[in-house]
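Colleague: One structure, as structure tokens, below. Some questions next.
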């Protein structure tokens with residue numbers, strides 16, 4: 001294995017040699033600092049100041065050279081533009097072809113500049129990690145907090161990529177114009193949807209896409225789903241291209257997501273009435289609702305593992321289990337069995353294929369459309385969450401057919417039976433197994449892609465976040481061999497068990513998972529007990545409860561649009577995270593019943609605050625989680641999406657069990673008793689957030 005220092009020397013351009021990071025010198029400095037501090041020759045404050053100044057000098061050297069080279073490229077494009085104007089009058093095809101090649105040469109030089117940025121970014125990441133490890137101090141936290149967000153930050157000058165993107169735009173526009181020397185080709189600025197099919201431009205765009213981490217709406221919503229593209233961390237190549245991508249199969253996965261969320265929430269407004277009709281207490285609704293989440297804890301693991309071999313078969317199995325589960329749920333009333341009802345919900349939980357839906361988007365959708373697909377996953381979930389209760393509110397009827405009861409309690413089961421059998425038929429005739437799955441199943445030995453990887457050497461490593469992820473594995477070649485500093489974490493092999501995945505969790509990741517657990521717990525308490533609480537205090541009907549829950553669900557997408565489009569451009573994610581946690585805490589505190597009189601305005605306003613800011617918190621939390629999580633958790637069975645799903649599912653189980661347990665104290669005490677754990681967990685998550693605040697980048 002070639003260490004990074006040797007690779008840097010081998011790969012750097014000779015004419016740019018003096019402008020690369022002096023990695024060897026800085027590595028020696030780190031060793032000196034360790035020895036000096038151990039001998040008492042220097043204190044930590046002196047070392048931090050000196051090393052910070054040295055790193056500032058290195059970054060400034062890189063930035064100034066980068067700006068200089070961007071200027072040279074801009075000058076060349078300007079001169080070529082003058083030649084283009086003259087050639088358009090002559091319409092000489094051979095000279096136009098030569099001019100097109102000249103533009104492409106500029107593109108090749110731009111690729112070299114991108115490689116320059118990549119090598120230096122990797123060097124800075126590695127020296128920061130080396131300092132943390134050898135010196136025993138979280139220098140990365142200090143350095144990032146004082147440099148990355150400064151108005152004159154040179155780090156932002158590198159990674160905002162404004163100059164490089166402008167050069168790409170100029171190259172694309174001129175090459176597009178030269179495709180039709182009559183000038184009839186539409187401008188890329190007038191028609192943004194038109195993409196230039198030029199190999200150089202496509203390579204540059206792909207590299208810039210990996211290197212740039214600008215905040216935008218699709219990225220925010222896509223990260224909300226915690227669908228972590230493998231190449232966003234490791235630089236590995238896409239498993240799918242435009243030709244093998246099957247849109248209908250993606251649509252079927254999104255439909256599965258939508259129907260499952262409808263299935264989850266359609267029973268919430270009537271679960272308490274159903275349990276009472278079967279002779280149980282109203283608060284047993286917690287068991288009825290939560291049993292689906294209990295089964296999902298296990299189904300998420302086997303579905304995630306199954307998706308390594310197939311996507312079609314897990315979706316078929318999911319549809320069958322959900323059909324059977326809903327059938328039992330609908331029949332439970334006529335057989336007068338609470339056990340049948342709960343078994344039906346357990347079967348529904350065993351049919352949860354959300355892990356497959358996430359995995360399909362991550363592995364089988366081209367990179368350029370993956371964010372849109374991820375946003376579609378979140379949107380389908382939000383729409384299903386709103387449609388479930390709304391649909392339940394419309395099912396206010398009561399009749400019998402051949403002895404089977406159809407009323408507000410059983411109709412959700414019958415409706416979902418029909419929905420899943422229809423979906424299964426659509427799945428059977430329309431789904432296409434991805435090509436790479438077919439190849440892996442038919443060929444025992446994996447095909448070699450070494451040639452392809454050699455061609456993509458420029459992009460190798462561009463995907464890694466620059467400073468936001470100092471605890472991740474930093475480079476496929478690991479730490480320098482001569483120091484024996486490579487951790488097991490630095491391997492790119494995926495985790496092979498939940499225990500192995502847990503060992504990869506840094507304190508920052510653990511805190512983010514705690515926050516995710518907290519917000520899911522608070523939301524589940526709010527939603528699952530809403531029917532019991534509103535009936536007890538306000539005497540709301542099923543239709544009113546359903547409308548209230550539907551309105552809450554409809555806030556999800558607008559909130560994500562506002563946060564993703566505006567708020568994240570004004571504040572850091574970690575600032576939004578803390579503010580949202582505090583607002584959730586305020587919402588929970590407002591929900592407590594302090595006096596004998598509990599009003600509708602108090603309940604509705606506190607519920608809106610809790611739910612809306614929990615949604616904001618979820619988006620920002622998963623966005624941060626996708627950045628601070630190890631690259632080894634971006635793929636394999638035990639991936640980041642599975643861990644977050646398990647954390648959220650366990651939170652739902654705990655919340656529903658809390659509701660049922662609190663029911664033994666009487667409905668008069670239910671509200672305050674169930675809110676108390678939410679309040680305590682929220683306070684704990686806020687404290688934990690402040691403890692890891694400087695590492696949340």
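Including glycine, each Cβ sits where the backbone N, Cα and C put it.
Values in this document were obtained by computation on a predicted structure and should not be read as measured data.
The domain 'SPX' annotation in Swiss-Prot covers 2-145. Look at Swiss-Prot and you will find 247-267, 278-298, 315-335, 338-356, 375-395, 411-431, 513-533, 544-564, 576-596, 604-624, 670-690 tagged as transmembrane segment.
What's the neighbourhood like for each of these?
Modeller: Across the domain 'SPX' (2-145), the model assigns an average pLDDT of 81.
Long-range contacts of the transmembrane segment (247-267) within the same chain: residues 274, 288-289, 292, 311, 315, 318-319, 322, 326, 329, 345, 348, 351-354, 356-357, 360-361, 364-365, 373, 376-377, 380-385, 387-389, 391-392, 412, 415-416, 419-420, 423, 426-427, 430-432, 434, 527, 549, 553, each at least 6 residues beyond the stretch ends and with a Cβ under 8 Å from a Cβ of the stretch.
Proximity of distant same-chain residues to the transmembrane segment (375-395), defined by a Cβ-Cβ separation under 8 Å and at least 6 residues beyond the stretch ends, is recorded for 217-218, 221-222, 224-225, 227, 250, 253-255, 257-270, 357-358, 361, 408, 411-412, 415, 542-543, 545-550, 552-554, 556-557, 560.
Distant neighbours of the transmembrane segment (411-431): 248-249, 252, 255-256, 259, 262-263, 266-267, 270, 311-312, 315-316, 319-320, 322-323, 326-331, 344, 391-392, 395, 397; these residues of the same chain sit at least 6 beyond its ends, with a Cβ under 8 Å from one of its Cβ atoms.
Long-range neighbours of the transmembrane segment (604-624) within the same chain, counting only residues 6 or more positions beyond its ends whose Cβ lies under 8 Å from a Cβ of the stretch, are 219-221, 223-226, 512, 515-516, 519, 522-523, 526, 530, 548, 552, 555-556, 559-560, 563-564, 567-568, 573-574, 576-577, 580-581, 583-584, 586-588, 590-591, 644, 696.
Listed as Cβ neighbours of the transmembrane segment (670-690) (distance under 8 Å, sequence separation of 6 or more from its ends, same chain) are residues 283, 511, 514-515, 517-518, 521-522, 525, 529, 532-533, 536-537, 574, 577-578, 581-582, 584-585, 588-589, 591-593, 598, 654-655, 658-659, 662-663, 696.
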Colleague: At a C-beta cut-off of under 8 Å, are there same-chain residues at least 6 beyond the transmembrane segment (576-596) that contact it? List them, or none.
Modeller: 515, 518-519, 522, 526, 563, 567-568, 602-603, 605-611, 613-614, 616-617, 620-621, 624, 671-672, 675, 678-679, 682-683, 685-686, 689-690, 693, 696
Colleague: Do any residues, 6 or more residues outside the transmembrane segment (278-298), come within under 8 Å Cβ-to-Cβ of it, and if so which ones?
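Modeller: Cβ under 8 Å, 6 or more out: 264, 267-268, 271-272, 332-333, 336-338, 341-342, 345-350, 352, 528-529, 531-532, 535, 645-646, 649-650, 652-653, 655-660, 662-664, 667, 670.
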